[in-house]
Amino acid sequence: MARNQEEHHLLSTEIVNRGMESSSGSMTFSVRVRRRLPDFVQSVNLKYVKLGYHYLINHGIYLATIPVLVLVFSAEVGSLSREELWRKLWDSTGRYDLATVLAFFGVFVFTLSVYFMSRPRSVYLLDFACYRPHDDLKVSKEKLIQQARKSGKFDEASLQFQERILESSGIGDETYVPKAIMSGENCSTMKEGRAEASIVMFGALDELFEKTRIRPKDVGVLVVNCSIFNPTPSLSAMIINHYKMRGNILSFNLGGMGCSAGIIALDLARDMLQANPNNYAVVVSTEMVGYNWYPGKERSMLIPNCFFRMGCSALLLSNRRSDYRRAKYRLEHIVRTHKGADDRSFRCVYQKEDEQRFKGIMVSKDLMEIGGDALKTNITTLGPLVLPFSEQLLFFATLVWRHFLFGTGGGGSSAGSQNSNSKPYIPDYKLAFEHFCVHAASKTVLDELQRNLELSDKNMEASRTTLHRFGNTSSSSIWYELAYLEAKQRVKRGDRVWQLAFGSGFKCNSAVWRSLRSITKPPTNNNPWL
């Protein structure tokens with residue numbers, strides 16, 4: 001019974017106007033039932049926060065002893081007058097010979113040196129670039145359906161289904177698709193994939209090197225992520241060949257990791273920079289739309305056709321302390337969540353072939369529920385690292401109280417009703433971040449995320465505008481959103497930016513940045529929002 005109630009809570013109804021009925025001339029309506037994103041901040045379990053608090057527990061000895069030492073030292077020094085303090089210091093140092101004093105200072109300097117050398121180097125984002133395709137690749141929703149009909153690849157039922165999805169997708173009429181999609185020929189060939197990859201990757205990298213004035217030969221680490229298109233030689237090799245990068249560059253090519261792979265590539269680049277001091281790293285995030293265009297009839301595989309569009313982002317990272325003054329952001333945290341051990345999560349976004357042997361991406365109807373579970377784990381792991389102490393205390397106290405008060409219940413109806421009526425304290429993530437860059441997957445996902453996290457329309461503006469203007473550009477969408485915030489000149493010194501992305505696997509990943517300077521200049525030709 002409780003499970004049925006939970007399933008019912010995850011469903012939402014929507015009345016759809018079907019228009020005039022030709023036979024009777026009357027209006028017809030239908031009721032559409034679909035799954036909602038679970039209210040994950042209302043159903044948090046203790047196991048979802050233990051990873052975040054593990055970081056604090058590891059440093060608990062410092063948090064516990066340093067305040068005590070400072071308190072004792074302050075009480076001791078505060079009881080002495082200035083004359084007594086100087087007399088004690090002078091008398092104490094007079095008792096020791098020069099060798100003892102030098103040895104003490106030597107140990108002190110050595111300890112400080114080891115401490116600072118063992119600390120991980122800060123990773124700075126010098127700048128980033130987002131590729132904006134040429135206007136001749138721009139396509140409206142109506143034109144996309146018209147061209148799909150002319151191509152002869154789809155039957156009428158498939159065209160009508162895609163048209164309905166597009167109308168409710170939140171995507172505007174100025175997104176970009178490759179020319180091959182508009183033709184009647186096969187666009188999922190290696191030749192077309194390499195052509196699209198060259199356009200978007202080299203376009204973004206040209207802008208990045210122009211903005212930063214960094215030579216390609218100065219780059220020591222290169223990470224490229226593209227989920228669907230993985231040729232041989234790799235995309236990273238294409239970049240090295242095009243820009244004639246140095247022979248000892250550390251290059252990586254990540255494939256099949258979905259729309260959250262941009263943060264995974266960022267995490268890999270950070271680790272490489274920690275192991276290789278005084279270096280630059282470039283991260284390229286993209287997806288090949290034409291190579292994954294699905295011409296079949298399976299509705300679950302037609303959905304990606306409606307959302308994915310051309311796009312690419314390129315980042316320049318540095319671990320050089322001298323780059324602090326010219327960097328835009330400093331990387332604070334990366335939290336990664338992977339639900340691939342669960343079979344439903346593993347298959348909810350799945351590449352396969354249909355009965356006609358057409359290759360495409362199948363999107364499960366359980367995607368919202370599975371994504372909500374991954375999001376719940378990710379944000380509650382991130383919470384202890386970013387939330388103010390007051391929010392952490394209230395959240396953790398109510399969580400423990402609920403755990404001990406209702407966790408031992410026998411599963412009866414009275415215990416279940418008490419548990420459902422006693423809601424935990426919901427942390428206010430707006431206190432932890434000034435800006436939110438949520439992966440622009442679809443309008444439905446953004447609506448449910450806004451409702452669950454209690455975000456304002458302004459918090460979600462960058463994500464919704466990116467979805468409307470550029471569509472779902474996969475792993476690069478969070479960078480189009482940050483570029484939007486910079487174009488609006490909203491990023492100030494000290495602001496914290498939360499990038500949240502999710503994708504196949506099922507994975508949910510977060511990256512937290514702190515702005516090192518205010519973005520006050522109006523957008524230039526290098527900004528896609530000009």
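Yeah, the Cβs are placed from backbone N, Cα and C, and that goes for glycine too.
Per TrEMBL, these features apply:
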type: ACT_SITE; residues: C259; note: active site
type: ACT_SITE; residues: H338; note: active site
type: ACT_SITE; residues: H435; note: active site
type: ACT_SITE; residues: H439; note: active site
type: ACT_SITE; residues: H468; note: active site
type: ACT_SITE; residues: N472; note: active site
type: DOMAIN; residues: 115-402; note: domain 'FAE'
type: DOMAIN; residues: 434-514; note: domain 'Beta-ketoacyl-[acyl-carrier-protein] synthase III C-terminal'
type: TRANSMEM; residues: 55-75; note: transmembrane segment
type: TRANSMEM; residues: 95-116; note: transmembrane segment
type: TRANSMEM; residues: 249-269; note: transmembrane segment
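When each of the active-site residues H435, H439, H468 is scored by how many other Cβ atoms sit within 10 Å of its Cβ, H468 comes out lowest.
When the CA atoms are compared, the active-site residues lying within 10 A of C259 (active site) are H439, out of the candidates H338, H435, H439, H468. Long-range Cβ contacts of N472 (active site) within its own chain (separation 6+, distance under 8 Å): I171, C259, F307, F308, R309, A440, A441, S442. Here H338 (active site) is compared against the active-site residues H435, H439, H468, and the shortest C-alpha distance is to H439. Its Cβ taken as reference, H338 (active site) is surrounded by 16 other Cβ atoms within 10 Å in the chains shown. Cα of H435 (active site) to Cα of H468 (active site): a distance of 19 Å. Note on C259 (active site): other Cβ atoms within 10 Å of its Cβ, all shown chains, come to 27.
Secondary structure of the domain 'Beta-ketoacyl-[acyl-carrier-protein] synthase III C-terminal' (434-514) per DSSP (helix as H, G, I; strand as E, B; remaining residues coil): 35 helix, 21 strand, 25 coil.
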